[in-house]
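Q: The structure follows.
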Amino acid sequence: MAEQQLLPSSEADALVTSSDPKHPANLICTLCRGFYALGWVTGTGGGASIRHDKLIYLAPSGVQKEQLQPHDMFVMDYASRQYLRKPTALKPSQCTPLFLAAFDKGAGCCIHTHSQWAVLVTLLVERDARAVNQSLTERCFEIEEIEQIKAVPKGRGKPGKLGYFDRLRIPIIENTAHEEDLTQSLEEAMEKYPDTHAVLVRRHGIYVWGDDPRSATTLCESLDYLFQLAVRMRELGLPWTPDDTNRQK
């Protein structure tokens with residue numbers, strides 16, 4: 001990342017000062033409070049970032065997300081990757097390079113959660129892979145014939161949403177000791193599955209992105225519903241797909 005070129009404090013603070021609730025600095029705070037209520041960003045984990053014109057707004061690392069304020073936001077110039085605003089008492093999000101990877105694919109908002117349902121789904125897929133001696137890197141979360149799949153958009157540049165009979169596939173990448181070290185695996189998953197709008201991280205959580213905050217949040221909610229449903233289905237011995245042989249008897 002290029003050497004930071006911070007703006008004078010008055011100009012930097014102007015970037016996060018607005019009475020508009022839809023301003024990125026305000027909206028990230030609102031979103032994170034909602035995510036906290038859903039159990040997605042507990043214990044300072046998770047976060048969100050919004051691309052607004054030529055700027056990237058980022059929630060800080062190591063901060064309770066339900067207590068975020070606009071003045072806690074980091075602001076980066078997208079083209080140069082230089083920080084224009086960097087609160088001295090806070091640390092930049094370790095998710096930053098992963099958020100940037102989503103923005104490089106055209107996203108306008110990227111959300112990272114530590115949802116328990118997302119983690120449990122990766123554990124179930126991991127168990128299924130081990131049961132047939134299959135490499136964990138070859139597995140995705142797959143589900144079909146569930147109504148909520150119709151809330152998931154088709155690949156970038158493709159109009160409309162998936163249909164009831166379409167198979168939803170969410171790639172899963174391996175976790176690492178440090179968040180930023182996930183970047184290469186995330187980018188590789190994006191290349192291998194160009195239609196995906198999300199990537200699961202085994203035993204960790206999920207990254208979800210969309211054209212704007214509304215679409216990213218809607219998708220995040222829809223996927224979390226599907227993950228929770230999938231866990232319940234496994235408990236009841238129900239298949240995720242018609243050819244699913246991993247359901248518990």
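Note that Cβ sites are derived from N, Cα and C of the backbone, with glycine treated the same way.
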Q: When TrEMBL marks a stretch as region 'Disordered', which of 1-20, 41-60, 161-180 is it?
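A: Comparing 1-20, 41-60, 161-180 with TrEMBL, region 'Disordered' matches 1-20.
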Q: Give the sequence-ordered set of same-chain residues, not counting His112, His114, His204, with Cβ within 8 Å of the centre of the Cβ atoms defining the Zn(2+) site.
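A: The surrounding set, listed in chain order, is Gly45, Gly46, Thr113, Ser115, Ala118, Val119, Val201, Gly205, Ile206, Tyr207.
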Q: Give me the Cα-Cα distance between Cys95 (substrate binding site) and His112 (Zn(2+) binding site), rounded to a whole Å.
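A: It is 8 Å, counting Cα to Cα.
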Q: Could you state the whole-number distance in Å separating the C-alpha atoms of Glu147 (active site, proton donor/acceptor) and His112 (Zn(2+) binding site)?
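A: Cα of Glu147 (active site, proton donor/acceptor) to Cα of His112 (Zn(2+) binding site) measures 24 Å after rounding.
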